[in-house]
Amino acid sequence: MPCLSPRLRAAARPAAAKAAAAKNMSFLLRRLSNSSAYSTARWTDASNPIRSRNSTASRALEHSIYTMLTIHRWESLNHMSYKLTKLRKVHGKLALKFLKWVIRQPEFDGLTPFYCITIHILVRAQMYTAAKSIIKYLSHSDITSHSLINSLLHIHPRCNSKPSVFDILIKYYIEEGMLKHAMETFRLISYHGYSASVYTCNVMLSALAREEGYFSVLLFFKHMLTGRNCPDVSSFNVVINSLCVAGKLGKANYIYNKMEEFGVSPNIVTYNTLLYWLCKKGRFKAALNVLDCMELKGIKADVYTYNVIINNLCKENKSARAYLLLKQMRKMKLSPRESTYNTLISGFCKEGKISAANHILKEMLKFNLKPTSITYNALINGYCRIGKMHDSLRIFNEMETTGVTPNEVTYGALLNGYCKTSDLDAALNLVGKMRSKGIAMNCVIYTILIDGLCKEGKVNEALQFLNSMVRAGVSPDVVTYSALVNGLCKVGKKDQIKQIQSKMYKTGVLPNQIFYGTVIHHCCSRGDITEAMKFYADMYHLGQEANLITCNSLISGFCKMGKLRDAELFVQHMNRMNLRLDCTSFNLLINGYGNKGNALEALSVLDEMVVQGHRPTHLTYTNLLKGLYKGGNLLEAKKFFIQILDIPFAVDNHTYNTLLLAICKFGNLHDALDLCNKMIKRNILPDSYTYTILLSGFCRKGRIVPALTVFESMRSKAFCSSCVAYTCLIHALIKEGQLRTASYLFDEMLNIKGLDTDIIAFNTILDGYSRARLMPHVDKLVRLIKERGLTPSLVTYNILMRGYSKTGQLLQAFRLYKEVVQKGFRPDSLTYHSLIFGLSEFDMVDLGVKVLEKIMLKGVTPNDLTFNMLITKYCDKSQMNDAFKLVGCMKKLHMLPSAETYDAIVSGLNRKGFFHDSYMVLHEMIEKGIRIKHTHYIALINGKCRTGDIQGALRLRDEMEALNLVPSEVTGSTIIRGLCKCGKLEEAILVFKHMLQTGSLPTIATFTTLMHRLCKEMMLADALCLKDVMESYGMKLDIILYNVLITGLCSTGRLSAAWKLYEEIKEKGIWPNVTTYIVLIDALSREHKLIEGDILLKDLEIRGLISSQLNPKNVPEGFVNAMRRLNSLRRCRKMLSSKDT
């Protein structure tokens, strides 16, 4: 066997030999660990002969042992003599070498005990890193943690090792994030009577606080208190911090109070922890009490202690109090650091107190503390926040002069300032400077620019910047996309939001709460609650939890749309999601019910608000007030207002303005003025909104002069006239027909600096010009809207379309309709009404009806104005079948034709001779409560008389009298006129006589009609007799009646009698008209009555109807000229009357 290799010899060795070898190996390792060393070797100077001899002997012994191990003579080791000495590092190294040699031997299978013995040896030799490496190896092998711990526990008593081996194992598990294994190790060693060190326990506490929270920390801490592990101050500090992180400040304070009972005194870390969390929770009074407690116990606050309080005070906008602490630091001989001053400067800048921030900077320089980039950035940001870009640039230049290099934060602050002041050109120039200086634009810089462009409505430029950002290799984050989406929402480009969302998913950027919150807010603002809920559903499915702000936006959206039931269901959903309603949520619900006028439900929500521990604000009471007056209970609203006057902080300007608005709308303007006086007496001064409400109230009542007085009073009190005030006045002036004055006010509003004229003001003046058909002015205003960067609303387009339709510019109207659809607006009933109106006005009623059918198929319900207009147009054209089809459609949609439309229907039926149908429509009008006109019955009576249905006419007369439409004299007169018009003279005379016998006096028009018929029948004596009857009744004869008689007399050749009537006319002071003169001239010229003719011509000259130059002495020629002149006047009158109609 000597010639065989070691591996072959091992293979040839019997199994018994292997077992003996393993036994001897285990024995050797135990002896190694128990004896601490197997030799007396010490590393000493070679000059010491004794030590040198010991060293030589030690080396010889090592060589002997190594030889025995190599040639596998294990039994020889048992016969060697050993001397126990202290184990050193070099021996640990030898143990490692030995372990490596053992691992290389194929005959050894179960090596875990060898590893564990080696770990114990290494720990005793203080070779902790090597021990950790073996533990790491074993942890990543097939050996379970339970087996490893048990092996270490089993070998520990044999090796007489230190318990610190378990500390190392626990700490290793914690470092590797294997907290469960660490806990199992701790549990097992505790069970076997071993205890981890306090330091290890503290590490365990910290890991539990980090991974599992305060509850696990408390359980472990309790185990420490009841076991062998005595906690120290660090243990308590970890527990207290864990409780504070979880918001359990009360329990943290309890643990703090128990520290001294366990013989542990709080240190500066304990107090700093308590101070930090008390300040963070805004409990500054309690924090200052802790500070006092520190002083009493002799623990001096350090710079960190004060920095904690100062930092949190500045965050809470209490920088002045923080500055007092800085002074206190100086008194206590503590030197604040640059970070302390930077915090104060940043705090004052955030509060807008730049002068105080500059004072802090000077103090900082006084104590030889150099300002850093953080200092300058805070100041630059402070100036930018208040729009003082000149001062921010001064600080920027000062920063460069002092050798402090501006960084991305500096440029970001400047860019943000430029964007806030809408100076985008300066912002882009600054970007150019950044690039020239080699400063890379990061995501924040791009986001600021994109946000600035979006706020100015330049969304296309913002999209270009996004593309350039991607090309530059800078990845947009969710904030960038959120800013872009915010801009798209503002300009109404909601279709592009889906594209942006798709781009986000492609680039791996998931939408977050801010993204969804932005989109949902804008959807709710424009009233698209359905779209908002779709986005909310997407958010929910992605696992994004909506915050309270987003949920309040949805509640607000539901309430604005009047969907209060849906709002209540959403609140129930919030409760299921453990999202508690805040004061704003309840106020939104109360406001929703208030807008509906449902004060009872609003009060019910108030009760729930109080039950949940929320205190009602002035906004709560204002919304309740609104609910009362909108529900028609103005008196109750006034009583409620008087009751809440005694509640502290319940009433402010807004509350007064709400009641003032109610009084101006539904009450007396004198009461409104009285309320304003009471408001001033309670030291609540009227604001701009107060004056605007008053002004609007006067304008609504058409009282322009008082409105102008309020407007001037508003100016005199240094209130900046609002756009709303101007708009109210302009609208009132337009209503009163004062378009020119309204235009002057509008121009004045445009020229006021700082007053942004909104699209509503433009819509008001556009409406005025459009109604006046001044379309050139309208076009000019549209160009101005584009120049000012305003976005036309749907109302704007509706006004423009109506104006163009009225003036016959149908192509322009339809072009605008196409633009409305392209811009994403949803056309409403008024949009389509304008188009249909234009078609109807230009005799394209059928095409208008087709448009009506099309929009109804789209789900848009036309308004009653559209139906009434189309029905009236059909009635004017006597297309009654088409008119009744539209009436039927209106009834299906639960609409009713207007009174004017019924008038048109009745008139159309009468023109067609459908008197029975007309009569049925009249009765339908009566049933519907529509007030009918007496002219409807008169038209029917005339129709009945024309068809010879005298009995039917008489029945209609009786019905007219029963309805008290007109006096009985008028009804009788109607019958007489109807009979005369259809040639029933005898019947007319009978009715006339019956009226006189019953004491009813016919009207002058009736006498005139009857006389006219008698004259046509050559019954002039009877006609003149009627004239005498009229005079006997004291009735005043008019020129029309005289003209009837004169015409009749002249046509029968009784010129002298006609001339007498003419003389009578002049005597009575009645002015002859053109008809009188024409009839007389014609008769006189036929009879050659020159004397009378000359008198007549002179009368015409006196009246100014003919010129003296055109009145020759030749009467016949004068007649010709007079007739030409009079006929010309008659034609002019007919033309004017046709235009009026």
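Numbers here mean position along the shown chain, with the first residue as 1.
Placed from the backbone N, Cα and C atoms, the Cβ positions cover glycine too.
In TrEMBL, annotation is done automatically, which means it is predicted and not curated.
According to TrEMBL, the protein carries these features:
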| type | residues | note |
| --- | --- | --- |
| REPEAT | 337-371 | repeat 'PPR' |
| REPEAT | 442-476 | repeat 'PPR' |
| REPEAT | 477-511 | repeat 'PPR' |
| REPEAT | 582-616 | repeat 'PPR' |
| REPEAT | 652-686 | repeat 'PPR' |
| REPEAT | 687-721 | repeat 'PPR' |
| REPEAT | 758-792 | repeat 'PPR' |
| REPEAT | 793-827 | repeat 'PPR' |
| REPEAT | 828-862 | repeat 'PPR' |
| REPEAT | 898-932 | repeat 'PPR' |
| REPEAT | 933-967 | repeat 'PPR' |
| REPEAT | 1038-1072 | repeat 'PPR' |
*So, by DSSP, how many helix, strand and coil residues make up the repeat 'PPR' (793-827)?*
26 helix, 0 strand, 9 coil
*What does DSSP give as the helix, strand and coil breakdown of the repeat 'PPR' (898-932)?*
27 helix, 0 strand, 8 coil
*asked:* Can you work out which residues elsewhere in the same chain, 6+ from the ends of the repeat 'PPR' (687-721), have a Cβ less than 8 Å from its Cβ atoms?
replied: 653, 656-657, 660-661, 663-665, 669, 672-673, 676, 679, 728-729, 731-733, 735-736, 738, 749, 752, 754-755
*Give the residue counts of the repeat 'PPR' (687-721) per reduced DSSP state, in the order helix, strand, coil.*
26 helix, 0 strand, 9 coil
